[in-house]
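Inspection log for the structure reproduced underneath, given as structure tokens.
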Amino acid sequence: MPSCDPGPAPACLPTKTFRSYLPRCHRTYSCVHCRAHLAKHDELISKSFQGSHGRAYLFNSVVNVGCGPAEQRLLLTGLHSVADIFCESCKTTLGWKYEQAFETSQKYKEGKYIIEMSHMVKDNGWD
């Protein structure tokens, strides 16, 4: 019987490539462009976020993504230091990682990931 524990999520480093497959027993989200696994549904924090190009989900952890350099951006909720994230398989920009929030009320986002809905699809066990 396959294990449902894929282990810890890899660190988001721009110099390494990670190739992870999430167990079929988990509902997952995948890249709509290449179907690389991106996140388990269990890692979803909120569906109420806005990305650069539409609605987005906030995740606690993701797999198979790379990070660009961090930069400061003024977002709807204030100034943040963020790094764009991209699919390691097809290199499509998916959203961003919150590196630092400058307002106390936004600190919960630090280390979390935004993936835009237009770049992901539901996979495994959603029936």
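Each Cβ is built from the backbone N, Cα and C atoms, and glycine gets one as well.
Copied over from Swiss-Prot, here are the features:
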type	residues	note
BINDING	Cys31, Cys34, Cys87, Cys90	Zn(2+) binding site
DOMAIN	27-124	domain 'Yippee'
MOD_RES	Thr92	phosphothreonine
MOD_RES	Thr93	phosphothreonine
MOD_RES	Tyr98	phosphotyrosine
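Where Swiss-Prot records a feature, it is marked here on the structure.
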residue: Cys31; record: Zn(2+) binding site; contacts (Cβ under 8 Å, 6+ apart): Leu38, Asn64, Cys87, Ser89, Cys90, Thr92, Leu94, His119, Met120, Val121
residue: Cys34; record: Zn(2+) binding site; contacts (Cβ under 8 Å, 6+ apart): Cys87, Ser89, Cys90, Thr92
residue: Thr93; record: phosphothreonine; contacts (Cβ under 8 Å, 6+ apart): Asp84, Ile85, Phe86, His119
residue: Tyr98; record: phosphotyrosine; contacts (Cβ under 8 Å, 6+ apart): His80, Ser81, Val82, Lys109, Glu110, Gly111, Lys112, Tyr113, Ile114
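For the Zn(2+) site, the Cβ centre of Cys31, Cys34, Cys87, Cys90 serves as reference, and the other residues of the chain with Cβ at most 8 Å from it are Val32, His33, Arg35, Ala36, Asn64, Glu88, Ser89, Lys91, Thr92. With helix defined as DSSP H, G or I and strand as E or B, the domain 'Yippee' (27-124) counts 12 helix, 60 strand, 26 coil. Of all Cβ atoms in the shown protein chains, 14 besides its own fall within 10 Å of the Cβ of Cys90 (Zn(2+) binding site). Ranking the recorded positions Cys87, Thr92 by the number of CB atoms within 10 A of their own CB puts Cys87 at the top.
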